[in-house]
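Take a look at the structure below.
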Amino acid sequence: MNYFISAIGTDSGKTLASAIITKALGADYWKPVQAGEPTDSSAIRQWIGDEQIIHPEAFYLKTPASPHYAAELENIELKIDQIQAPITKNHLVIEGAGGLMVPLNHSEFMIDLIPHFNAELILICNVYLGSINHTILSLEAVARRGYAIKGIIFNGPDIKSTKEIILNHCPAPCLLHIAEEEKIDIAVIEKYSEQLKNNWNELDRKR
Ligand SMILES: Nc1ncnc2c1ncn2[C@@H]1O[C@H](COP(=O)(O)OP(=O)(O)OP(=O)(O)O)[C@@H](O)[C@H]1O
Ligand SMILES: C[C@H](N)[C@H](N)CCCCCC(=O)O
Ligand SMILES: [Mg+2]
């Protein structure tokens, strides 16, 4: 299965969550469009070790900006039909850049990659004042297009009322809650990947 990891914004914890998901599923990882350094693939490599496959980016753009603009600066035509998913028999964790409505060019958005890769969405919701609005808007964009959503991963403070209202508007369950950690290292990734495995299996049993 392909899982597309997106978020309600940028710097939301997609790379952290992708490392946890990749580890939990024993999956391959792929960042199709990388804008700026250090690359997310390099962070994932540090956190998951050498045993799993990280596929090379389809587009590496130098400027840490919206991909549509970073591509324009380099005179690169960034179009979805030029991006082919790597061939693998394994699960593939595909990390987007920024949030769902981040543009790749003047007519295509990150969200359009979900059907292109025949993927299920996992939405990373970092929790802050304003995140309810950003999350429900993101869920509406997904619902309007009829795309499959596997679940939500919360990242940050555990605020019951925020989680409840979001989950009441989400057709899929919470897969994991990542707390604010003092530092992110291999032990933290392993701790959450064990939690995610248990939650995932439990949710699959209930379905
Ligand atoms: N729960 C957390 N505890 C501590 N640090 C965190 C947590 N979540 C994210 N971070 C840190 O916040 C920063 C942004 O997270 P991350 O790189 O995963 O965001 P992103 O959504 O992948 O961003 P991008 O859109 O650039 O891909 C990183 O330095 C990451 O290690
Ligand atoms: C450079 C950054 N870390 C991400 N890779 C790209 C974020 C694009 C955000 C665009 C926007 O929503 O305004
Ligand atoms: Mg990232």
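The first residue you see is number 1, and the count goes up from there.
Just so it is clear, glycine is given a Cβ too, placed from its N, Cα and C backbone atoms.
These numbers come from a predicted model, not from an experiment.
Copied over from TrEMBL, here are the features:
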BINDING   Asp11, Ser12, Gly13, Lys14, Thr15, Leu16, Asp40, Glu95, Gly96, Ala97, Gly98  ATP binding site
BINDING   Thr15, Asp40, Glu95  Mg(2+) binding site
ACT_SITE  Lys31  active site
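Location within the structure of each feature annotated in TrEMBL.
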| residue | record | contacts (Cβ under 8 Å, 6+ apart) |
| --- | --- | --- |
| Asp11 | ATP binding site | Asn126 |
| Gly13 | ATP binding site | Ala7, Ile124, Asn126, Ile153, Asn155, Gly156, Ile178 |
| Thr15 | ATP binding site | Asp40, Ala43, Ile44, Glu95 |
| Lys31 | active site | Thr39, Asp40, Ser41, Glu57, Ile94, Glu95, Ala97 |
| Gly96 | ATP binding site | Phe4, Ile5, Ser6, Ala7, Lys14, Val33, Val102, Met110, Leu113 |
| Gly98 | ATP binding site | Ala7, Gly9, Thr10, Ser66, Pro67, Met110 |
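With respect to Cβ neighbours within 10 Å, the binding-site residues Asp40, Glu95 differ, and Asp40 shows the lowest count.
In this structure, the recorded positions that sit close to ligand 2, with a C-beta under 6 angstroms from any of its atoms, are Gly98, chosen from Gly13, Thr15, Lys31, Gly96, Gly98. Shown in sequence order, Ile5, Ala7, Thr10, Ala17, Ser18, Ile124 are the same-chain residues outside Asp11, Ser12, Gly13, Lys14, Thr15, Leu16, Asp40, Glu95, Gly96, Ala97, Gly98 whose Cβ sits within 8 Å of the Cβ centre of the ATP site. The DSSP secondary structure for Asp11 (ATP binding site) is coil.
Asp40 (ATP binding site) falls within a helical segment according to DSSP. Each residue in Ile5, Lys14, Ser18, Ala19, Tyr29, Lys31, Ser41, Ala43, Ile44 lies on the same chain as Thr15, Asp40, Glu95 and has a C-beta within 8 Å of the C-beta centroid of that Mg(2+) site, without being one of the site residues.
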